[in-house]
């Protein structure tokens, strides 16, 4: 298989049980910091932290001069690197540019507050995040369900991927639905290619997940960094998947299912102007169609073309634009109503069966006739 996606990182985060606090380094010099919120700029003995939203406030206590004794100097050196004690993380949310913030429960009883991840010891973040990402990378529906409370379902890893992208790539439509119901962004793009959950499901050949995402409202027109939609990506992979290799047969079948689901969504709301050409037979028949919105002609599988349009093409009927109805009569069979139609692209008017004439034009014609007709 040609690698279109980057392999998902399944490495768990390491927890250092010896660390459980936010560390503030002592100042390296007496010069003022360029940031008013930089803890490194504060000559502290003990700091009480209180982050509220994006605001970091620090209360400084007076710094006492050390004595000449070695014991007191060591004590001051130790206290100059004090900590704001963390009890645990109780919530998370995404910040700008893929950064994370965590709701901290403090050991000193201070009100919980939001703190940027960069200010929190790695072991504290790891203890909170590891179960979540382990569950996501295993598509563990039960574990994800238990961990959802007070957590941002759109939390991102180092590659900007959410849990939804992982479970989509792993093929768990149950996990996809669980996360979607929890409010997951169905169209989130990662930072390693601009891939969405739909791209992941298409690229890893998960037709059931593709169908679920489409049903849930995922935008099939979202493009990755190469400008490819999930449908275009699936087509690209199918082209590079060997036809004669028995080992790839199942993969090709899966890709065709993915493409069929996505094509069905693309053409569901597209209106065909006319069929230009036909190729293939039976279930493999395709039509080259011209769209009413003026888009380029495209080859479309027969199942996605309205039956009446396909039948008209097969019967040799052509489409033209009617300008108005200028006459009415009963057909040769004595029953069928026919209308004399004036065309925009033809000089001669023609008699057409009622079924072939726009009902709006028929109504306008009838309104123009005397009441006794």
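Cβ atoms here come from the backbone N, Cα and C positions, even for glycine.
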Between the ranges 11-33, 34-56, 57-79, Swiss-Prot assigns coiled coil to 57-79
Within 10 angstroms of the C-beta of residue 232 (Mg(2+) binding site), what count of other C-beta atoms is obtained when all protein chains are considered?
-> 17
Per-residue pLDDT averaged over the repeat 'ANK 3' (193-222) comes to what?
-> 95
